[in-house]
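Marked as pyrrolidone carboxylic acid by Swiss-Prot on the basis of experimental evidence: GLN1. As annotated by Swiss-Prot, methionine sulfoxide applies to MET26. The phosphoserine annotation in Swiss-Prot covers SER31, SER45 and rests on similarity to another entry.
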Amino acid sequence: QAEEPSVESLVSQYFQTVTDYGKDLMEKVKSPELQAQAKAYFEKSKEQLTPLVKKAGTDLVNFLSYFVELRTQPATQ
């Protein structure tokens, strides 16, 4: 069986895709001023979103782990 990608791996892949898209977009833009604004926007967005996405990933893993632990505990009678 193939391993499923981790939340961190998916988040990293998402940010890499967004970064690549931003770089491609900046190459298509000819105005240096517009390029600088776009670069600043992407950097600021990444800076602000990274902690939120990491926390959401951690919270999701903890939430799912709770249910896995419930299933593995023997039922008390």
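Any Cβ shown, glycine's included, is placed from N, Cα and C.
SER45 (phosphoserine) is 15 Å away from MET26 (methionine sulfoxide) when you measure Cα to Cα.
Each residue contributes its Cα atom, and for SER45 (phosphoserine) and SER31 (phosphoserine) these two points are 21 Å apart.
Least packed by the Cβ count within 10 Å, out of the modified residues SER31, SER45, is SER31. For MET26 (methionine sulfoxide), other Cβ atoms within 10 Å of its Cβ number 15.
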